[in-house]
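What follows is a set of notes on a single structure, which appears directly below.
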Amino acid sequence: MSLTTYEHALSLWKQAGFSGLQSMLDESISKIKDLEGTSLESRKVLATETKQFKKLPDDEKLSQILKLVKQYQKEIDSLTARSNFSEKVVIELYEKLIEQPDPTGIIQSMIDELRKEDGSVNELKAENERLSAIVSKSADYDSVKKRLFDLEQSSAKTLSKRLVAKEKEITSKWEEKERNWNSREQELLKQLENMKNTNAALEKKIGTQRSLENEGDDDDIVFIDGANSAQTELLSQELEAAQVRIMSLESRNEELNAEVAKSKNDEQHDSELQEKEDKLNQLENENAKLVACLDEERKSAKRKLETIESQLNSFTLEANTYKAELDTLRRKMSNYSDYERIKEELNAMKKIEFGASSDENDSDDGNEEGDPVVASLKHANQKLQNNLVKVNTEKNKYMKEVNTLKSNIDTLNAKIQKLETLNAKLEADIEKVEDVTNQFSDTQSMMSGATRQISNRHKTTEKLSPTSSIIGIPEEREMDSFSGNLNNSSSILPIVTKQRDRFRAKNLELESQLKSVNQEQIKLRTQVKELKTDNARLYEKVKLLTTYSHNSNDGDSSNGNINAAAAAAAATTASATLDLESPFTEEYEESLHPLSGFKQKELDRYERRNMPPMERLFLSLAKVILANKKTRMLFMLYCIGLHALVMIMTIYVTSFTNYITPEVRSAKGTMIKTNE
């Protein structure tokens, strides 16, 4: 069916006003029930009067028959009014429903179309899942392509570096050979000059020898000595030249060793860089796969949530329909609520009209007529209860599914957090690699680009222009193809850069928050310090006032003017405030004696190092003495007592020596006399 038929049917049902029709039927049914009740009452009255009329004698019947006829006429009028009202309601309902189309065909066509759409939706879902699986499997295609491109660039760079290194090596070898040849030439020139000088000297000596041929053996010896001296001079000059050559070779050897070490370091650095690039590419591939898996999980979770929402909507619609059915049934039950009353009234009317003999039969017939209605109501109630139980079981099942989906969502959130941490690590590695790659010079990048273009051109069979073949500049078609490749490659780099920017912004925000929190902590610490100092000052003032009050109380007590009740109250207040003042007393005492807490850490550190045992013993005794007020007072009393004891002993000893010295002198005198 077309859309216009659905729209036409919808407009007709809107014009009919189904909700208004229901309310109108409710009002009319209630009015019909009221009319039915009034007619039943009037019929009861009419039945009693007819019964009384039958009991009257024939003479009185003629006078009462007109009254009875009027009552019958009135009852007939009420019945005609009741039937007219019912006919009017039926006609109105007919007028509103006669033009309405049969909804069964429309609903059946809608159900068929929905089934077709469900089949197409399922096919589309299966196709979408298949395509998503293919996409997830080939998620690292772009990263592999980028890695291949990077490997080509790195191979070109390494080739250019090797060419440059080989060129430097060859130039250094030629320079070394040229330097050796120059030094050898200088040495040979020096030797030639020395040989010329020695030759000239020998020629002179030979001339003198010839002029002195006739001389004796002494002249021959002098000539031999001169030749030997010339040879030794020549050897000494060659030795000096060899030493100079050796020193120059040693300096050159040191330079070459430095260059070799530098080249080894460069090669090691290149190898480390290559390993980091490989590791980075591997991480990028893993990240691409994880991102694809995450997208797939999100899509599956979204699909599950959509199915659950659709099921919940269907359940709500079913619940609303069941609720509407219950409302209609309640309205029907409310309409049939006076069934028992009507039944009793009918039995009463039958008794009045037909006598008491047929009461039992009428009651049995009424019970037989009422039993099917009650049975139908019980059957409908049982059906509704069964449907309610089914709905509750389905509700519990779907609630369990919702809980499982929530747990799956929690696991997915955990996976997302894990992936975010991996992305942060990947971004850090990318920044490190970018910092390393930015250190390469522009000339090397140009040479690598040129060599890459040349190597790519050698693979093709196209001809090159002279300038592009010499310089290595790509032609227009190559630039177009290169730009097309770049545009076609949907790399993950934009996603990573966006995440990096987002994390940077978040880091900046967190840094600002951390700074603000640190500032607040500093402010609070300063406030705490100020409060501690204020508490110490206030406690000092309070202690001063308490001591002053105690002194005044002592003076009054000495005079005998203090009261016993006031003293007891003061004692209770003092005991109550003692617990509150205990932390302030400790702080006050620590402020009075800061030595025990000020240098404790330094003393411990000094003890742990190289303190002698005697000093450790002395320090432990000092700690014990200065621990609290009692130990300090005991130590002071001990010192005073010791000094007093020493003074007493010295005084006693001096007095004792003064007392003994005269007797010693007298004894010495007597001994001297006896010896004499």
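Including glycine, each Cβ sits where the backbone N, Cα and C put it.
Remember, it's a predicted structure, so these values are computed and weren't measured experimentally.
Range with TrEMBL annotation region 'Disordered', chosen from 358-379, 446-467, is 446-467. Looking only at the domain 'Cux N-terminal' (5-113), the predicted model's pLDDT averages out at 78. Packing against the coiled coil (500-534) from elsewhere in the chain are residues 424, 427, 430-431, 587: each is 6 or more residues past its ends and has a CB under 8 Å from a CB in it.
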